[in-house]
């Protein structure tokens, strides 16, 4: 008997996705390069329609045609090697789905190469971590549309379900569109986390709040417009005590790791010529956190103000909340503007409102306000920037004073807030009819004869700035 779908790669994500698929009524063949992992999964799957195979030949032969194969192997050369091993065994119109954390440019390359061999290739972003993989992730598949249609029932079944019952999966677009959207999703995640961390820094270092007070504050914020998975878990984190009955989070070394997708997002923004300042500052913040020894040394010799607050703490705490929400809006505005530009350049025809909808459950950035983003694009599918939508425009105009005060207070007290600072600078730059770039262009013309345009007349101009 042949199975309906196969999974290659049985690390925690592949294993959990295989179990998720099987739990929805599909029979699953599994294969792993290491026989041990396959045997372990079989032992952990009594009574389930999980069928082990121990060679790629056996694996491919075990699948019904057209074959549907989900690759959950390490991104990069390992994915290429797995595809190279499978390719001679496949038939025309078989479907490979790469669910790894893959660079979208690799997906474009693989999609093109496999199409020349009459093999369909779907690059699919998977968000939600190991728990989401098992119970329902947010899925972002891109590739051939007809191939997606052949696997859409399975993907719809395993995806997370929003409160209205909709599955958190949709066809994203051709070739690398799915992995591209997942990349930007991860970049937005970096910014969300950094902005929350800066809020915590203000609470702790400026307002002198205890871990219990901080936990309660985040729990209260999660009951309002900031409701989201990351705010929810932050409240939980500050409640967790260690063996000494002290806040565990305060014992964790302050060096933040990363897998590189935030950096990819920032690099792509530079290539597109799109301002992505908040996400990029969040990436840099992780970089500077990683040079712990340098910071310890610098802290002993580079002096600055000592944080001191004399105002009403409750009032200022509300300003931090508003600053966080406005900065979050600015970050998403930048991320969605980046996806809009990439969609135009690559002819992907991304449905930006639909992207917000599939992030409502299953993924790390799930949040209440994603519905507001969907509403914004429903009202105007050609919306240039989320800040121009009536709802978001009203919020940022109302909350800007709070963000300005939070940034000014943080600077005056020496509390670093690169994400908040980038947010208000982006807002002010975006709303400026005139920026001092005219001087930069004059300088470029002065030293390099790069020419310039004028406001008052048509044409391209060059000036001899100093008479010989």
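Every residue, even glycine, has its Cβ placed from backbone N, Cα and C.
Within 259, 313, 314, the residue that Swiss-Prot lists together with 101, 127, 128, 129, 185, 186, 190, 286, 444, 450 for binding substrate is 259. If you measure from the Cα atom of residue 13 (NADP(+) binding site) to that of residue 450 (substrate binding site), you get 52 Å. Counting only same-chain residues six or more apart in sequence, the Cβ atoms lying under 8 angstroms from the Cβ of residue 128 (substrate binding site) belong to 136, 137, 138, 160, 362, 363, 364.
Among the residues the record lists as binding NADP(+), namely 9, 10, 11, 12, 13, 14, 32, 33, 34, 73, 74, 75, 101, the two farthest apart have Cα atoms separated by 21 Å.
A separation of roughly 12 Å, to the nearest angstrom, links the Cα atoms of residue 190 (substrate binding site) and residue 182 (active site, proton acceptor).
For the substrate site listed in the record, the two most distant Cα atoms among 101, 127, 128, 129, 185, 186, 190, 259, 286, 444, 450 lie 49 Å apart. Across the structure, residue 286 (substrate binding site) and residue 101 (NADP(+) binding site) place their CA atoms 19 angstrom apart. Take the Cα of residue 101 (NADP(+) binding site) and measure to each of the recorded positions 182, 185, 189, 450: the nearest one is 182. Separating the Cα atoms of residue 9 (NADP(+) binding site) and residue 182 (active site, proton acceptor) is a whole-number distance of 20 Å.
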